[in-house]
Amino acid sequence: SLFELGKMILQETGKNPAKSYGVYGCNCGVGGRGKPKDATDRCCYVHKCCYKKLTGCDPKKDRYSYSWKDKTIVCGENNSCLKELCECDKAVAICLRENLDTYNKKYRYNYLKPFCKKADPC
């Protein structure tokens, strides 16, 4: 669910997920879809593609369990869809951390999604 995703992003990046990534570039946050503006936005694009491959669960609502061991996210679900959902969220949280150095505040909040160019299909 969005709850676990937000928690993972906070743990990996130290940033408030809603404030920092809720409306960022063309792909981070609700809605938005388009050619990624930078590496951070690309993380979100890949994450949305990961969600599209899921069948049998709702990425925004379905809760799953994971643990935080030695600063590593460990997904722990028996249900295959929830496990894949957790892995999608884990991947984006790690990607966002790995790209903190290219995070650009100009793409946060004020970037107009109508100006996003159509992205390649997943």
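Placed from the backbone N, Cα and C atoms, the Cβ positions cover glycine too.
Copied over from Swiss-Prot, here are the features:
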- Cys26-Cys116: disulfide bond (DISULFID)
- Cys28-Cys44: disulfide bond (DISULFID)
- Cys43-Cys95: disulfide bond (DISULFID)
- Cys49-Cys122: disulfide bond (DISULFID)
- Cys50-Cys88: disulfide bond (DISULFID)
- Cys57-Cys81: disulfide bond (DISULFID)
- Cys75-Cys86: disulfide bond (DISULFID)
- 105-118: region 'Important for membrane-damaging activities in eukaryotes and bacteria' (REGION)
- Lys15: site 'Cationic membrane-docking site (MDoS)' (SITE)
- Lys19: site 'Cationic membrane-docking site (MDoS)' (SITE)
- Lys105: site 'Important residue of the cationic membrane-docking site (MDoS)' (SITE)
- Arg108: site 'Important residue of the cationic membrane-docking site (MDoS)' (SITE)
- Leu112: site 'Hydrophobic membrane-disruption site (MDiS)' (SITE)
- Lys113: site 'Cationic membrane-docking site (MDoS)' (SITE)
- Phe115: site 'Hydrophobic membrane-disruption site (MDiS)' (SITE)
- Lys118: site 'Cationic membrane-docking site (MDoS)' (SITE)
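Recorded residues Arg108 (site 'Important residue of the cationic membrane-docking site (MDoS)') and Cys57 (disulfide bond) have their alpha carbons 29 Å apart, per Cα-Cα distance. Within 10 Å of its Cβ, the residue among the disulfide-bonded residues Cys49, Cys75, Cys95 with the fewest other Cβ atoms is Cys49. In this structure, of the recorded sites Arg108, Lys118, the smallest number of CB atoms within 10 A of the CB marks Lys118. Phe115 (site 'Hydrophobic membrane-disruption site (MDiS)') is surrounded by 9 other CB atoms, counting those within 10 A of its CB over all protein chains shown. Looking at Cys43 (disulfide bond) and Cys28 (disulfide bond), their Cα atoms lie 8 Å from each other.
Taking the C-alpha atom of Cys49 (disulfide bond) as reference, the shortest distance to any of the recorded positions Lys15, Cys86, Cys88 belongs to Cys88. Mapped onto three states, the DSSP output places Cys57 (disulfide bond) in coil. The subset of recorded positions (Lys15, Lys19, Cys26, Cys57, Cys95, Cys116) lying with their Cα within 10 Å of the Cα of Cys44 (disulfide bond) consists of Cys26, Cys95, given in sequence order. According to its DSSP assignment, Lys118 (site 'Cationic membrane-docking site (MDoS)') is coil.
In space, Cys116 is the closest of the recorded positions Cys75, Cys86, Phe115, Cys116 to Cys28 (disulfide bond), judged by Cα positions. Cβ-based neighbour count (10 Å, all protein chains) for Cys50 (disulfide bond) stands at 18. Cys57 (disulfide bond) counts 20 other C-beta atoms within 10 Å of its own C-beta, drawing on all protein chains shown.
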